[in-house]
């Protein structure tokens, strides 16, 4: 996304219509301005925010008029709002929420000033959604962009040969394409075929870090449609006009796969040093100039060394892809999951491979020195997809701090996936994630309400890519609406879209081709019509980076000097203003996501427009600034972290996001918050709080809302008291069993529930293996036979018949060797009544449990509850992990293990344990992983040099292993 080239041809001037915006035109003695009032230049939806912004010279209300195709249909008075800090403008608001007319050809006037024309329709943004998605096909690498596919999806704009081009970097030109790209000189001795993927931005580089968040966003758009709205038709096969249309797979998945296959190809092959890591990026070894089509690139290209950040981007997105393609293309899904797990193990072994910045000649850096958030994101995606509890410690021990996201800040990507994707083993994490998103989105509404123009940005947030910061915040608001039904979140999205499409200080639509006065000269090597008529201008739908007070390029710095006191004005529409006017995949991805959400919201027509100048349109938020999503290791309820003895209050500086089915904090009284019922807080005096494991609203804040909202119910009348949900405690464990043809184990399920209102309760439970329900029932307890070695998810729901429910989920690991360890080992967790068996059957089980487990990617030897696994090996090195599993019925508090090598192997570095010694070796728990609950596993790893031959698999000993 970063290009530092010198342009040799002056940029063309803006069209005349923009000149009119800047200098105005004289009508009589008064100077009229076109583009003031500032409106969304595409238009509005009937149930969205419809406030226009008028730049005025004073604070006196003025008369506005709305015409429709020349006929006056409404008028009113502007609402003075005062000076806007980010723009320096004195502004008024114009509220059009009472207008019921729809169609095109609307214009607002104040005195002699007039807006650009706009529409009001529920379909206003349908085409814009497909325009934004089309950006990705146009920027594909390794394929010819053909004329029939250059037009937008579902006819959003017409195809044209001017946007077609030969395949880029595909076995042609001086660099011979991306089919056999070597490593940067002196960094490795192999080459990779990395022909696919998307060109990142104005340059022709392809970056795993920035590509990761981009492909994740498109896949999350799909998962939202799959799991929340059910509206997959919008991105279905045939919707986007791409070469794969008609293959039976959703077009958005075909487009995302083009990038995903590139990212898979960037993984270091097996047998090489740092196998499983991902190369940070691939690009030219020197900067090229503009204009330049991809197939004209004269520069050699090279792979930049692997980084931990890139590797975790691969782990996260490949895990996400694995679950999406599982029922579409099982082979591709398996390939993705294998790559994701390899990447995770490699990142664990190389946690400090931070991009050095020594390879930035020819491409952007994307250096990220803090990768704990990437570890969290990858762990969340892998846990959602696999249910493997080894990823839980990373999730449990990470403190959420950020309120927005971007390529270097990815923790919220993990939170959003946990919130969107349903899985039995993530039930409580999902509840907590949804609450966390609503809390963050509320802070953005507060910021937005303080801005004169409808951007959810403070004056300090107008930096490189500020428009993408807005788009990302709108994603969070959109999900908050999905989870709560609170109209304020949807209206926040609406306001942000209004800003991007023209309701801003510059009266400019920042999306190419969409509006009357739009960005025309984005920084892009191929869409360089501003420099050379042999190259095309940009097609509709590309999002400009937007105002940037940093002014990193020389043209912006010289033309915009003095703008920094009014940072929202620091933008220049010139192809060589790369710090303010570049375009890139990670900016267009959230634009597409937000427009998809907005079209869903527009289609509902369920809520009336709540446009208002009142400050009550923002959702109150607690003052807590950081939080953790922490699942209990012994049950599915999310509990406070062990470092805190009480639930966090709204005034704390750090808090744990928790979820519970506990009863209301305030008895029968509730707050009707714009159609959604919330409990009233007991101790929180103002705004929103967090009490008794759930969100609540203070009485003062709730009572200030207009009718019919506000406080409802009556605590003094039991007949009117709101229903309180039951509580549930679930436990599950496995015991050994042999009899007849059934060998192994019995899974015992026990639920204990109570209801504060004394309601009769009904139970339902199910046992899930992978994605298959292997047993279900409607009792409070059960015992079932299981015959496979694997992890089982046990879920139980209790209902009071009046809408109150409680759900608990727990995880039980079943391994035959745990229940039939052989005569030389002590058998634990086996009931005496089921311990007798025939010698032949027992012998078969002992033989099975004592064998060395092996696969193409790892080998392992069991030692009771301890397992040594080689995760990778190359010429003279290896990585391995030791897993300590608790198969008992009580927690393990502290553990240590020992092992030694007989072939000369040596350990060079380790993670997740205190490893000491020099053969033999000892490892002990760290504070955070010392406690292992029943059925759970602690895992640590290390890297070392091999002795002779293959990496040795030694026995692991220690009291915890027996």
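Numbers here mean position along the shown chain, with the first residue as 1.
For all residues, glycine too, the Cβ spot is worked out from N, Cα and C.
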Expected hit for region 'Disordered' in Swiss-Prot across 564-607, 608-651, 652-695 is 608-651
Of 203, 671, 681, 702, i.e. the recorded positions, those within 10 Å of residue 573 (active site) when Cα atoms are compared: none
671, 681, 702, 866 filtered to the disulfide-bonded residues whose C-alpha is within 10 Å of residue 582 (active site): none
Which recorded positions sit within 10 Å of residue 203 (active site, nucleophile) - Cα, from 523, 671, 681, 702, 866, 961: 523
For the domain 'CBM2' (859-962), how many residues does DSSP put in helix, in strand and in coil? 6 helix, 54 strand, 44 coil
So if I draw a 10 Å sphere around the Cβ of residue 573 (active site), how many other Cβ atoms end up inside it? 22
Consider the recorded positions 523, 671, 702 and say which one has the Cα lying nearest the Cα of residue 866 (disulfide bond). 671
Between residue 681 (disulfide bond) and residue 702 (disulfide bond): CA-CA distance (Å): 10
To the nearest whole angstrom, what is the C-alpha distance linking residue 671 (disulfide bond) and residue 523 (active site)? 50
